[in-house]
Structure formats: structure tokens, C-alpha cells
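Asks: I have a structure here, written as C-alpha cells, and I will follow up with some questions on it.
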Amino acid sequence: MPQFLDTRRPGFEADFTALLGMKREDSPDVDAVVAGIIADVRARGDAAVIELTARFDRLELTPERLAFSEAEIEAEIATVSAEDRAALELAAERIRAYHARQMPENARWTDAAGAELGWRWGPIASAGLYVPGGLASYPSSVLMNAIPARVAGVERLVVACPTPGGVVNPLVLLAARLAGVDAVYRIGGAQAVAALAYGTETIRPVDKITGPGNAYVAAAKRRVFGRVGIDMIAGPSEILVIAEGAVDPDWIALDLLSQAEHDESAQSILVTPDEALGRAVVQAVEARLETLERRAIAGASWRDYGAVIVTRDLEEAAALSDRVAPEHLELCVADPEALAARIRHAGAIFLGGWTPEAIGDYVGGPNHVLPTARSARFSSGLSVMDFLKRTTLARMTPAALRAVGPAAERLAISESLEAHGLSVRARLDRLNEG
């Protein structure tokens with residue numbers, strides 16, 4: 001059974017703090033192993049990637065077969081049903097339209113001193129997207145990672161997707177095609193991250209790596225950060241639902257289970273001022289678990305990390321939600337807009353009972369790659385901005401240099417950086433000669 005907390009009871013603060021501090025991710029000490037894999041790929045290139053793929057994925061490859069050929073992609077895509085294709089195309093269209101609105105504008109102006117200032121935006125040159133592999137891989141994640149990159153203008157876009165035993169989800173290849181991916185490599189794990197970061201004889205290095213993965217992939221992304229950019233280190237999925245009133249307990253139960261079924265370490269929390277609703281939702285969850293296909297996973301998540309929290313009112317519920325800073329936040333209340341205005345920390349907010357989190361996973365439009373483990377306090381979900389760089393611009397006229405140059409010279413002297421000051425003074429002296 002999940003924890004059942006009540007803000008009015010003694011000991012709540014200690015219990016809630018313990019809930020926030022629960023270690024949900026099984027993160028074995030893989031760093032040494034990952035360091036060895038990365039070093040091996042850097043030293044031996046394709047040979048290391050091929051050997052590691054045979055060992056971990058039971059798949060024999062050659063340099064020529066590291067990437068799917070066009071013929072292989074076409075053959076796999078041909079097996080996708082018309083219904084699945086239409087659903088994926090709708091998702092791609094909506095994700096593309098949403099992210100197109102995120103594109104920022106360049107700026108240029110002249111300030112009071114006469115200096116021309118501004119900034120311009122430009123895409124990174126290349127990106128590598130990691131997609132967990134096998135039949136359980138998620139084509140929606142391909143769309144959510146690749147489409148923002150394409151909208152941003154990234155020139156070269158590749159996917160690394162392990163294919164254990166040679167098995168690939170055709171929908172992943174279709175998603176890659178719809179998103180405009182240039183190449184799909186059938187490799188995974190830390191070796192794929194290393195290949196994308198450092199390159200091999202066959203695989204060209206990229207500038208940024210995004211996408212989820214297991215502990216080995218996460219550790220590899222940490223290690224290559226600095227050589228390349230990364231999106232985030234994502235943990236187990238999580239959802240917090242604030243609910244009140246006449247909402248259907250079964251709907252809330254299904255929304256909680258939609259995250260619980262991802263992973264035994266996922267977390268689902270209901271916060272409500274209505275204790276009766278909270279207990280009804282618990283009963284509905286138990287009933288749904290009896291028939292849910294992934295009931296073993298969802299049941300373990302709900303049992304070990306689930307919680308129902310009864311509050312005095314919705315204002316208190318919002319305050320508790322901010323302390324959790326959930327990846328996904330559903331507001332199943334009479335006035336979700338008013339409650340959302342009280343929320344500061346959430347990866348994504350789903351407004352009203354007709355907006356289940358699952359819509360956001362697929363066809364809502366906003367990105368489903370979101371900050372977890374309370375990192376929504378200081379970070380945001382994946383967006384076009386993750387594939388753009390801002391370059392600042394400055395142009396001094398002689399008059400502007402006269403106006404601000406002496407202050408720059410004084411500051412350089414105060415920091416004992418002689419050449420800095422002299423570089424300004426030389427120009428000021430030339431102006432004074434005139």
C-alpha cells in the first residue's frame with residue numbers, strides 16, 4: 001500500500017521530508033566500468049563498438065552494418081500499420097508546430113553611449129539522440145528529441161538505438177524518418193555514447209547528446225559532458241496529481257498508474273483536500289492493478305513509492321507540490337488556471353480533468369523529456385533552445401569608446417590585468433591624437 005499522509009496530523013513534516021528524500025533509482029557503481037568502455041572506444045574505435053555490441057546485445061556487426069541501410073529502414077517501415085503510421089504522423093505534426101513557436105528572435109540596438117549591442121541565435125551543427133532499444137523502445141521519444149533539433153536547424157542528426165538480438169521496433173525507424181534523422185546506428189549503452197562523443201572510423205562525433213538511458217548511459221553522459229553538451233541526467237518517471245471535487249477516482253487512478261507502469265522506481269503522488277476522494281482513488285488503483293498488463297511493475301512502484309497526501313486546502317496542496325517539483329503535474333480541480341498560477345516548480349502542468357498526462361507523452365505538442373528528481377526547481381524540459389546557441393554582439397564607435405573606455409581601463413588596472421587596460425588605452429590615445 002502507498003503511504004497515506006495528512007498535513008493535520010503530528011509528524012507530517014518528518015514523514016513528508018522522508019518521502020522527498022527517498023532514493024528511488026537503483027544506481028549501482030558503474031562509473032569504473034563506463035570509464036573503461038569509453039577509453040576502449042576512444043582507443044579502438046569501430047572495433048571496440050562492434051565487440052561491445054556483440055557482448056551486450058548479442059549482435060554481430062561490421063563497420064558497414066553499424067547503421068541501418070535505407071533498404072533495411074524501408075523494409076521495417078513497411079510493416080507498420082496504417083493506423084500506427086497515422087498516429088505517429090499526427091504526433092510529429094503537433095510536436096513540430098508547438099516547437100516552431102519556441103524559436104527566439106535576434107536582437108540589435110544602439111545604447112545611450114552609442115555602442116551597438118545585441119545577440120543572435122544559431123543552431124548547433126550536430127546532435128546524437130539516444131533511444132533505448134528492443135521492442136520496448138519508444139518511438140515517441142525519437143520525435144520528442146529529434147523534432148526540436150530539426151526545428152532549431154541542426155544540420156546533422158543521428159540516432160543510436162540498441163537492437164538486442166537484432167530486434168528493432170519498426171515504429172522507431174518510422175519516427176526517425178518522420179523527424180528527418182540522417183542515420184540510425186544499431187548500437188547502445190556507454191559505447192554508443194562514447195562513439196557519439198569522440199567518433200570512430202565510421203561514426204562522426206556530434207556536438208550534443210540527448211535522450212534517456214539506463215545507469216550506464218547516464219554515467220557515460222556525465223563523463224563525456226564538456227567534450228559534448230548533454231540535455232540532462234533523467235531519473236525514474238514521476239507524477240503528482242492535485243484533485244478535488246467530483247473528479248472520477250478511476251481517472252485519477254489511471255493517471256497515477258500511467259507513470260507507475262514505466263518503472264518500479266517511478267513515483268505517483270495524489271494530493272487532495274478531500275480524504276474520501278483519496279481513499280476512493282487508492283481503491284480504484286488496486287482494482288485497476290488486478291488487470292493491468294504491467295501490474296508487477298506498476299504495483300511495485302505504487303507500493304514502494306506511491307503516496308496520498310490529504311491537505312487542508314488547495315493552497316496547501318500547491319505549496320507541497322512546489323516542494324516536490326514533480327516531472328508531471330496534473331491539476332484536476334474546478335479552476336486549474338488559478339491553481340497553476342500558484343505553482344512555481346513543475347516540469348509540465350496538465351490543466352483540468354480532460355488533460356491526462358498521457359496526452360503530453362504523445363500528441364499534446366509540448367516535449368515529454370522533462371526534469372525529474374526535483375530538478376524542475378532549476379531546469380526545464382527539452383526544447384528548441386537546447387539545440388541553439390546565443391552569440392552576443394558588440395560594436396564600439398569612436399564616440400562610444402570615449403564614453404565607456406576609461407571605466408574599462410580602470411577596472412582592468414584594479415584587477416592587475418595590464419594588457420587588458422593597455423588594449424583600451426592604446427585606442428583612447430589614438431582618438432586623443434586626432
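The chain as shown is numbered from 1 upward.
A Cβ is built for glycine as well, from the same backbone N, Cα and C atoms used for every other residue.
Note that the structure is predicted; figures quoted are calculated from it, not measured.
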Asks: Among Ser237, Ser380, Ser383, which residue does Swiss-Prot name as a further substrate binder in the site formed by Gln259, His262, His328, Asp361, Glu415, His420?
Replies: Ser237
Asks: For the recorded NAD(+) site, whose residues are Tyr130, Gln191, Asn214, find every other residue on that chain with a C-beta no more than 8 angstroms from the centre of their C-beta atoms, and list them by sequence position.
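Replies: Other same-chain residues near the NAD(+) site: Pro132, Ala160, Pro162, Gly188, Gly189, Ala190, Ala192, Val193, Gly213, Tyr216, Val217, Ala220.
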Asks: List, in sequence order, the same-chain residues at least six positions removed whose CB sits under 8 Å from that of Gln191 (NAD(+) binding site)?
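Replies: Set apart from Gln191 (NAD(+) binding site) by at least 6 residues yet with Cβ under 8 Å, we have Ile37, Asp40, Val41, Ala48, Val49, Leu52, Thr53, Phe56.
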Asks: Using only C-alpha positions, which one of Tyr130, Asn214, Glu327, His328 is spatially nearest His420 (substrate binding site)? These are the recorded positions in the record.
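Replies: Ranked by Cα distance from His420 (substrate binding site), first place goes to Tyr130.
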Asks: Checking your reading of the structure: which of the recorded positions Tyr130, Asn214, His328 lie inside a 10 Å Cα sphere centred on Gln259 (substrate binding site)?
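Replies: Within 10 Å of Gln259 (substrate binding site): His328.
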Asks: Is His262 (substrate binding site) helix, strand or coil when read with DSSP?
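Replies: Reduced to three states, the DSSP call for His262 (substrate binding site) is coil.
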